[in-house]
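Asks: In case it helps, Swiss-Prot gives these features for our protein:
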COMPBIAS  1-10  compositional bias 'Polar residues'
REGION    1-32  region 'Disordered'
BINDING   C21, C35, C38, C44  [4Fe-4S] cluster 1 binding site
BINDING   G75, K76, G77, G78, V79, G80, K81, S82  ATP binding site
BINDING   C249, C252  [4Fe-4S] cluster 2 binding site
Amino acid sequence: MSPSQTQIEKSQLAAPEPEHCPGPESELAGQGDACKGCANQEICSSQTVKGPDPDLPIITERLSAIDHKILVLSGKGGVGKSTFTSMLAWAIAADEEIEVGAMDLDICGPSLPRMLGAEGESVHQSNSGWSPVYVADNLGLMSISFMLPDPDSAIIWRGAKKNGLIKQFLKDVNWGEKLDYLVVDTPPGTSDEHLSVTTYMKEVGIDGALIVTTPQEVALLDVRKEIDFCRKANIKILGLVENMSGFVCPNCKGESQIFKATTGGGKRLCEELGIPFLGSVPLDPRIGKACDMGECFFDSYPDSPAATAILDVVDALRDQVELSLENLAIK
């Protein structure tokens, strides 16, 4: 292996890796925003393999047929991010004229196949690429879960292997001639999956991120980090939704607070940080049941307070997407 192809050993670095470092083994080593002013920048720049990733033009061409690309993020696990992703996909796909795709990038904990009623399905490969599994005529789904020999198999991968799968999903999945919305479910926090998807999709453009939280401060602490990640990665924050905001009794329809907003909840956080607050969604046990059964919650309980709240959030999100397009047109 020639010197120009040698990966940098951490022992060669002049100083510890700073926060938000892309990693000395990354293609962005020495070139990222976090590299500016770093004592290691010259070392990383001189020894990293140069030249653009040959797969990037292929990814860009594949994704150029998709009108809107939305990332669904959460700072902490267990706040209902994947559940809300499934609700978002069902809600947009309710309009039969709109083609929707859902991509499950929560590689170590894929749950969208169960929630969308596609568990046990498999992916078919053709000359045009991988075909997503369609849970409705206008709603396709792609997940690593479809490739596992056993649904209970643990996925124990390091960053490089996760990165390779994400690249393959973006490069090889054939969503058809036209896709109106691609909703991407990501793992909680800021990890390899987030860095990979933002890097590969940067050229073709991401409409923005939807952040899901619950009202209590312990969840909001990590949301602040997620917002910081989006700003440093130049991802527009389309808005924040506060999930499990109150509990709706399925019998009396009364609402009570389960997770109290001790510091003002998501709405106050949005006011402090200047991001759109898209709304609050009450906790309804029937949502969990619908997800377990792989059924559309809106079909079963169209008049429930939770269904109304979710649809209001989806409308507000789509307004933000359109607003972003208008701002781009003005520029």
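Note: Cβ is positioned from N, Cα and C throughout, glycine not excepted.
Please go over these features one by one and say how buried each is and what sits next to it.
Replies: In the three-state DSSP reading, C44 ([4Fe-4S] cluster 1 binding site) counts as helix.
Secondary structure at K81 (ATP binding site), as computed by DSSP, is helix. In sequence order, V72, L73, S74, D185, T186, P188, V212 constitute the residues six or more apart from K81 (ATP binding site) in its chain with CB-CB distances below 8 Å.
Annotation for C249 ([4Fe-4S] cluster 2 binding site): same-chain Cβ neighbours under 8 Å, separated by at least 6 residues, are E255, S256. Classification of C249 ([4Fe-4S] cluster 2 binding site) by DSSP places it in coil, neither helical nor stranded.
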Asks: Round to a whole number and give the Cα-to-Cα distance in Å for the pair K76 (ATP binding site) and C252 ([4Fe-4S] cluster 2 binding site).
Replies: 31
Asks: Among the binding-site residues G75, K76, V79, whose Cβ has the fewest other Cβ atoms within 10 Å?
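Replies: With the binding-site residues G75, K76, V79, fewest surrounding Cβ atoms within 10 Å: K76.
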Asks: Taking the centroid of the Cβ atoms of G75, K76, G77, G78, V79, G80, K81, S82 as the ATP site, which other residues of that chain lie with their Cβ within 8 Å of it, listed in sequence order?
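Replies: Apart from the listed residues, the neighbours are S74, P188, V212, T213, T214, A219.
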Asks: Cα-Cα, whole number of Å: C252 ([4Fe-4S] cluster 2 binding site) versus C44 ([4Fe-4S] cluster 1 binding site)?
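Replies: Rounded to a whole number, the Cα-Cα distance is 62 Å.
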